[in-house]
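Undergrad: Got these off Swiss-Prot a minute ago, pasting:
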- Arg23, Glu24, Leu25, Lys26, Lys123, Arg530, Cys531, Trp576, Glu620: 5-methyltetrahydropteroyltri-L-glutamate binding site (BINDING)
- Ile446, Gly447, Ser448, Glu499, Asp614: L-methionine binding site (BINDING)
- Ile446, Gly447, Ser448, Glu499, Asp614: L-homocysteine binding site (BINDING)
- His656, Cys658, Glu680, Cys741: Zn(2+) binding site (BINDING)
- His709: active site, proton donor (ACT_SITE)
Amino acid sequence: MTTESKTKTVTHILGYPRVGAQRELKFAQEKYWRGEIEQKELLAVGSELRQRHWKDQSASGLDFVTAGDFAWYDHVLTTSLLLGHVPARHNNGFPDLDTLFKVGRGQSQNSCGCGEAASDMTKWFNTNYHYIVPEFSKNDKFNVSWSQLFDEIAEAQKQGHNVKPVLLGPLSYLWLGKEVNDEEVEQGFDRLSLLPRLLTAYQAIFSKLSALGVEWVQIDEPILALELPKAWADSFKLAYQVIQSDVKLLLTTYFDGVEHHLDKITKLAVNGLHIDVSAAPDQLDAIVSALPKEWVLSVGAVNGRNVWRADLERLHERLQPVKEALGDKLWIASSCSLLHSPVDLDQETELSKETLQWFAFAKQKLREVTLLADALDGNQNAILACHQYSQPLRERESAEHINKPAVQQRLAAITPALAERAEAYSVRAQHQAEKLGLPLLPTTTIGSFPQTSDIRQQRSAYRTGKLNEQDYVTAMKGHIADAVERQERLDLDVLVHGEAERNDMVEYFAENLNGFQATRFGWVQSYGSRCVKPAIVVADIEREAPITVSWTQYAQSLTTKQMKGMLTGPVTILGWTFPREDITRKEIAQQLALVLRDEVSDLQQAGINIIQIDEPAIREGLPIKKSDQKAYLDWAVEAFKISAASAKSETQIHTHMCYSEFNEIIESVAALDADVITIETSRSNMELLKAFEDFNYPNEIGPGVYDIHSPNIPSQEWIVDLIETAAARVPVERLWVNPDCGLKTRNWKETEAALENMVKAAKALRKKWQSNAA
């Protein structure tokens with residue numbers, strides 16, 4: 001029997017969702033960007049959310065509330081402003097909130113007809129969160145010029161909270177950025193050389209934190225979970241010697257294990273270490289054994305990246321020996337920031353009682369942390385509560401409606417042949433050229449068109465029963481007809497139906513497949529004001545009937561041009577949903593691949609000759625350790641190929657990827673064997689194409705020629721330049737012309753203006769190059 005401990009286990013979390021339970025921040029941001037509210041009103045929304053979130057943390061019994069996790073756009077961008085590190089094109093010498101938004105979103109064209117491009121945006125490790133990439137040049141200087149962190153600490157202290165600030169560490173900040181001057185790089189510039197200057201700014205930050213009476217700072221160095229180059233790994237020792245102060249440092253890691261850097265970590269001038277035992281449970285024993293005796297160990301036991309209820313009973317059993325070994329040096333926390341979790345399960349009033357007992361959102365995870373800590377401290381009521389809390393998970397393990405025999409039979413029948421198309425690309429390309437009759441530089445879009453308020457209201461009315469099915473179908477067909485008419489007017493070559501019926505590219509499929517659970521308010525931030533509402537995989541996945549065929553077939557009936565069928569790929573559906581934790585991700589991907597394979601067959605039978613299977617998430621699913629990546633890529637590629645392999649040779653399979661760095665996965669991208677791949681390249685000025693050029697990628701490519709995430713409307717000349725840059729790296733006969741991504745979040749005015757310039761640019765170059773060829 002466990003006796004009550006005399007040493008209390010300290011509790012905290014690594015961060016909390018910023019957007020609000022009802023996405024209050026999103027709506028305030030967008031009103032501000034549209035000029036509908038003043039900045040003071042936006043600031044008031046942020047303050048109210050922070051105070052609410054701190055109150056929730058305090059009320060749950062956490063020993064610390066976390067400050068510094070709030071961001072107006074992205075926490076890496078917030079760090080850039082804190083350090084006075086703003087791209088010159090946006091830097092007026094006095095960085096403010098509008099500066100931050102310009103860096104993240106770009107600056108619209110002004111009276112001179114010019115605009116300033118946003119900084120690059122890319123995935124935050126292997127999550128679906130995006131951050132704004134810091135830009136580094138050899139003459140960069142850093143100075144603490146943005147007071148948000150200090151203001152929010154003071155704000156929390158004024159409310160009476162015990163505050164633990166969070167700060168992105170200097171090495172991770174540098175690693176997450178990029179050198180932007182090719183000439184400097186050629187001359188040997190490496191952003192790591194900026195570390196001494198950067199550390200001076202960090203010293204100033206810690207001086208200010210000390211003056212605020214801060215005892216502990218959570219300093220995030222997630223890159224320690226990577227297999228770092230030696231120069232980077234070796235830089236940690238000096239960096240932490242330089243920035244040590246009277247403020248205690250909790251060196252914080254997540255998303256994978258750090259035992260491979262343990263010798264270096266234990267020599268750092270810090271006061272404690274946080275590890276993620278949800279992502280990497282096997283590291284725990286080695287780290288407990290090697291931990292300096294004066295350090296605290298913060299164990300990230302409650303999974304911050306999924307919605308499943310923590311198995312507190314088993315966690316208590318696993319961590320009890322750690323508590324006995326470490327005593328009051330043990331802290332309990334979330335595995336990573338709860339940014340990646342929805343806010344509050346209590347809002348989900350439409351879920352069944354059984355289903356509710358399976359889940360915990362961010363607010364509920366606060367109590368999981370404190371309940372587990374109480375149990376580890378020997379509180380008998382807490383130990384009993386942990387046992388009871390885990391019972392729904394035990395009951396689920398044996399539930400017959402979770403594991404379905406028919407699905408298991410199809411999985412067992414998968415063979416290598418199931419993932420191969422009948423003929424090689426070189427042969428398929430000839431069949432497709434004859435069948436499709438497309439011109440040089442064919443123009444298309446990625447799939448979605450603007451989701452107007454009418455579309456959203458009609459979908460909502462249908463979902464709530466205020467609009468009957470017949471009227472809903474009529475309304476959606478009207479929007480499809482409008483989208484087709486606009487595309488015909490623009491003279492695009494390959495059309496799409498616009499996806500008016502889809503709220504989200506993953507949620508739509510989840511709602512139409514068995515084995516998923518949708519939520520009403522399960523929103524998580526993707527970037528800026530963009531939120532997504534991932535469905536939850538709760539059981540084996542089946543398709544009862546075709547999902548996209550009727551809409552696509554209707555759209556095709558309105559035009560003589562080719563209409564693309566639009567599917568979301570198996571790896572992306574997996575990556576953008578909350579997966580089951582009782583089976584492997586590979587098995588879930590295979591289940592999805594089989595149902596999508598059936599959908600491809602049905603689209604083809606309905607007369608659709610081009611089918612796009614989007615896989616924007618394929619890279620973000622990579623394990624962050626390179627040594628673990630091959631196994632993932634093998635099954636991810638297989639899943640895509642199973643989906644596509646039912647297509648005939650004359651059916652053209654497209655795939656789309658956005659915000660991906662391809663160098664490290666180019667062989668796997670080629671192995672997908674898609675006939676056409678469209679990619680995000682405009683923000684990086686086509687630099688992503690270098691990977692395809694170096695690899696001699698054999699199939700067709702559509703590099704994005706304008707950034708749909710920015711309100712800037714690209715000029716025809718700008719697009720011509722990008723296409724010509726692309727044509728220097730990819731044979732022109734294999735080039736497509738398209739935007740970077742779907743156009744769902746844009747309005748029709750800017751969409752049509754941008755697409756008009758895109759089509760004009762393609763036609764001008766088509767005419768020029770065909771004349772030259774003649």
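Cβ coordinates are placed from backbone N, Cα and C, and glycine is handled just like the others.
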Undergrad: Work through the recorded positions one by one (Leu25, Ile446, Ser448, Glu620, His709) and name whichever has its CA nearest to the CA of His656 (Zn(2+) binding site).
TA: Ile446
Undergrad: Please compare the binding-site residues Glu499, Asp614, Glu620 by how many other CB atoms fall within 10 Å of each one's CB, and tell me which has the fewest.
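TA: The binding-site residues Glu499, Asp614, Glu620 were compared, and Glu620 has the fewest Cβ atoms within 10 Å.
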Undergrad: Spatially speaking, which of the recorded positions Gly447, Ser448, Glu680, His709 is closest to Leu25 (5-methyltetrahydropteroyltri-L-glutamate binding site)? Use C-alpha to C-alpha, please.
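TA: Minimum Cα distance from Leu25 (5-methyltetrahydropteroyltri-L-glutamate binding site) across Gly447, Ser448, Glu680, His709 lands on His709.
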Undergrad: Roughly how wide, in whole Å, is the group Ile446, Gly447, Ser448, Glu499, Asp614 that binds L-methionine, by largest Cα to Cα distance?
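TA: Answer in Å: the longest Cα-Cα distance is 13.
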Undergrad: Among Arg23, Glu24, Leu25, Lys26, Lys123, Arg530, Cys531, Trp576, Glu620, the annotated 5-methyltetrahydropteroyltri-L-glutamate contacts, find the widest CA pair distance and round it to a whole Å.
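TA: So the binding residues stretch over 27 Å, Cα to Cα.
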Undergrad: Can you tell me which of the recorded positions Gly447, Ser448, His709, Cys741 is spatially closest to Glu620 (5-methyltetrahydropteroyltri-L-glutamate binding site)? Compare CA atoms only.
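TA: Closest by Cα distance to Glu620 (5-methyltetrahydropteroyltri-L-glutamate binding site) among the recorded positions Gly447, Ser448, His709, Cys741: Cys741.
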Undergrad: Inside 8 A of the center formed by the CB atoms of Ile446, Gly447, Ser448, Glu499, Asp614, which other residues of the chain have their CB, for the recorded L-methionine site?
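TA: Other same-chain residues near the L-methionine site: Thr445, Val496, Met505, Met566, Gln612, His656, Cys741, Gly742, Lys744.
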Undergrad: Have a look at the binding-site residues Arg23, Lys123, Cys658, Cys741 and say which one has the shortest Cα distance to Ile446 (L-methionine binding site).
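TA: Nearest by Cα distance to Ile446 (L-methionine binding site): Cys741.
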Undergrad: So which binding-site residues are near Ser448 (L-methionine binding site), with CA atoms within 10 Å, out of Arg23, Cys531, Cys658, Glu680, Cys741?
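TA: Qualifying among Arg23, Cys531, Cys658, Glu680, Cys741: Cys741.
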Undergrad: Given a 10 Å Cβ-Cβ cut-off, pick out the one of the binding-site residues Cys531, Cys658 that has the most other Cβ atoms nearby.
TA: Cys658
Undergrad: Rank the recorded positions Arg23, Lys123, His656, His709 by the number of other Cβ atoms within 10 Å of each Cβ and report the first-ranked residue.
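TA: Of the recorded positions Arg23, Lys123, His656, His709, the highest Cβ count within 10 Å belongs to His656.
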Undergrad: When DSSP is mapped onto helix/strand/coil, what comes out for Asp614 (L-methionine binding site)?
TA: strand
Undergrad: Anything within 10 Å of Gly447 (L-methionine binding site)? Look among the binding-site residues Arg23, Lys123, Cys531, Cys658, Glu680, Cys741, comparing CA atoms, and list what you find.
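TA: For Gly447 (L-methionine binding site), the binding-site residues whose Cα atoms are within 10 Å come to Cys741.
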